[in-house]
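**Q** My structure is below; once you've seen it, I'll send some questions.
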Amino acid sequence: MPFEEGYTHLFGDDNLVIHRDGSGFVSQDLYLHGFFSASIKLPADYTAGVVVAFYMSNGDTYERNHDEIDFEFLGNIRGKDWRIQTNIYGNGSTSAGREERYSLWFDPAEDFHQYSILWTDSQIIFYVDNVPIREVKRTEAMGGDFPSKPMSLYVTIWDGSDWATNGGKYRVNYKYAPYVAEFSGLVLHGCTVDPIERLSRCDQDVSFRLIPTGISSKQRNQMGGIRKKHMTYSYCYDQARYKVPPPECVMSPKEAEHLRVFDPVTFGGSRRPRSSRHHRARASRVDAATSILI
């Protein structure tokens, strides 16, 4: 889809560069469920404090009870790797963020890799290169915390110095600017919604039936291996944050043991308060030294 057909310029007037036919940064349509994907190449070298986000949100429409589904890429100091953070909010439940973070098994600044979100009325699945890394199933216990209202697709790059790298210990250093994120192959394969009547057009779209509906046995095995090796944080196992895991959590002894070895303070039962700060809101602008190339 050419940029001008599917997307609208969001912010950062001089920092958005259209390179050939591409895809954009806030979708013109609202979607209720679907498959959303982008091939992304992240900035290289010193990237501490830099946040690249590929996410769905309706914060502009529902300011106090918005929904959100996040892929956030968190930069790092030289010699340390980028990290992925996934998260969901429903009905403005920002005080109960459901974060998970992962290391990567490749250099995301060296080449393009595909990052995808599947969102249905019963589950949310996050994929990296078509391999699932996280599945969130809708449960009765979650109530309205499961994203359920129409959302737009956003892509942003911004200064998250206050929280993104070691809880704000390392900030953006603009002597390494410009920080350029490159995007291609952005897919909007979802159920569009009339912005005025809020009515779904899914029934009129035969191609909507082609969207994945779940995880195969092979994919589930792949997901288990990635989570075992590369997951570095999950809110379900954070004993410093929750005395009792949130009710929707399905605990895995293998994941618990992996995280305990990785961080015994957070996942081993210590009550020492967490020093990291969890992200709660989006930046309102793109700094002049952060750019996106499509």
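Backbone N, Cα and C define each Cβ position, glycine as well.
Here's the feature list from TrEMBL:
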ACT_SITE  E68  active site, nucleophile
ACT_SITE  E72  active site, proton donor
DOMAIN    1-183  domain 'GH16'
**Q** Taking only same-chain residues 6+ apart in sequence, whose CB is under 8 Å from that of the residue listed as 'active site, nucleophile', what do you get?
**A** Y55, M56, S57, N58, G59, N87, I88, Y89, P147, M151
**Q** Enter the number of other CB atoms within 10 angstroms of the CB of E72 (active site, proton donor).
**A** 20
